[in-house]
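*Asks:* In case it helps, TrEMBL gives these features for our protein:
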BINDING   GLY164, ALA165, SER166, ILE189, ILE230  NADP(+) binding site
DOMAIN    4-118  domain 'Tetrahydrofolate dehydrogenase/cyclohydrolase catalytic'
DOMAIN    138-279  domain 'Tetrahydrofolate dehydrogenase/cyclohydrolase NAD(P)-binding'
Amino acid sequence: MILLDGKALSQKIKEEIKHKSKELKTKGIEPCLAVILVGTDPASETYVNNKAKACELCGIKSLVYKLDESTTQNELLALINTLNYDDSVDGILVQLPLPKHINKNLILESIASSKDVDGFHPINVGYLNLGLESGFLPCTPLGVMKLLKSYDIKIEGLDCVVIGASNIVGRPMATLLLNADASVSVCHIKTRDLNFYTQKADLIISATGCAHLLKADMVKEGVIVVDVGITRIGNSLVGDVDFKEVSKKASYITPVPGGVGPMTIAMLLENTIKSAKNRLSNFATF
Ligand code: GUN
């Protein structure tokens, strides 16, 4: 069994990003990511703080807007509009989930697709579904693909099962795998017989947040397992996979923590650098 070490790979990527930020600065561009948090959800607050910290460590300017829970939809739209037109801002990220009185889809559509480093805007979702690389790809699925690639795992022709059909992870993950010529099944909360799918799978990617959902008797010998789930139980973080047992059968498996999580942040930084490079090439055309 080989551990898919996202922490180590993300550190390597972050070193490369530091160099790219430096290079952009010599050309007059300071890469900049704006992160907006509405409300005080503790998990979201931790994610936002981690994103800001990672930016600063890699030479990317971070603007963090922590807005009150009572912020209106129009106030949030006004802030996004200001950031859309601010030429010094390369990326805009609105942390999800949003409070119930705010229409999430409306907010995600209001972010300029050229600054949508989360890859959630319908234009970027469209590029992904067309198999085009011109837009931004969602950070977690992109991080999973990079992690698999770094271990030379070939996706083409594999029988893949994605568990979870969210817009943030499951759906874009399935699309990236399909774009890489895998056969893909997407399972979700209404799937009647999860075992039927997982037992045949060469590659399983689980993103449900159900602690220890995937047990050893649900997988075949030699399976590749990527665990995107994170559940806090007491003081420890637990994935969707019963790691102790499943790792005995797996050929490759991600740990939780230290697997997919650090890759997500590294991809957010990469997308921000990509946007800053686009800013540079737009300058060059004037
Ligand atoms: N909430 C959970 N994951 C994410 C993510 O990748 N991006 C944003 N904006 N919010 C999230």
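Backbone N, Cα and C atoms are what each Cβ position is placed from, and that goes for glycine too.
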*Asks:* Based on Cβ atoms within 10 Å, give me the single least packed residue among the binding-site residues ALA165, ILE189, ILE230.
*Replies:* ILE189
*Asks:* Provide the three-state DSSP residue tally for the domain 'Tetrahydrofolate dehydrogenase/cyclohydrolase NAD(P)-binding' (138-279): helix first, then strand, then coil.
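*Replies:* Summed over the domain 'Tetrahydrofolate dehydrogenase/cyclohydrolase NAD(P)-binding' (138-279), the classes give 54 helix, 28 strand, 60 coil.
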*Asks:* To see if you understand the setup: which same-chain residues, six or more apart in sequence, place their Cβ under 8 Å from that of GLY164 (NADP(+) binding site)?
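*Replies:* In sequence order, GLY170, CYS187, HIS188, SER206, ALA207, THR208, VAL228 meet the Cβ cut-off.
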*Asks:* Could you tell me the mean pLDDT the prediction assigns to the domain 'Tetrahydrofolate dehydrogenase/cyclohydrolase NAD(P)-binding' (138-279)?
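*Replies:* Result for the domain 'Tetrahydrofolate dehydrogenase/cyclohydrolase NAD(P)-binding' (138-279): average pLDDT 98.
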*Asks:* Using all protein chains in view, find how many other C-beta atoms are within 10 Å of the C-beta of SER166 (NADP(+) binding site).
*Replies:* 17
*Asks:* With DSSP, how much of the domain 'Tetrahydrofolate dehydrogenase/cyclohydrolase catalytic' (4-118) is helix, how much strand and how much coil, in residues?
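*Replies:* Per-class counts: 60 helix, 18 strand, 37 coil.
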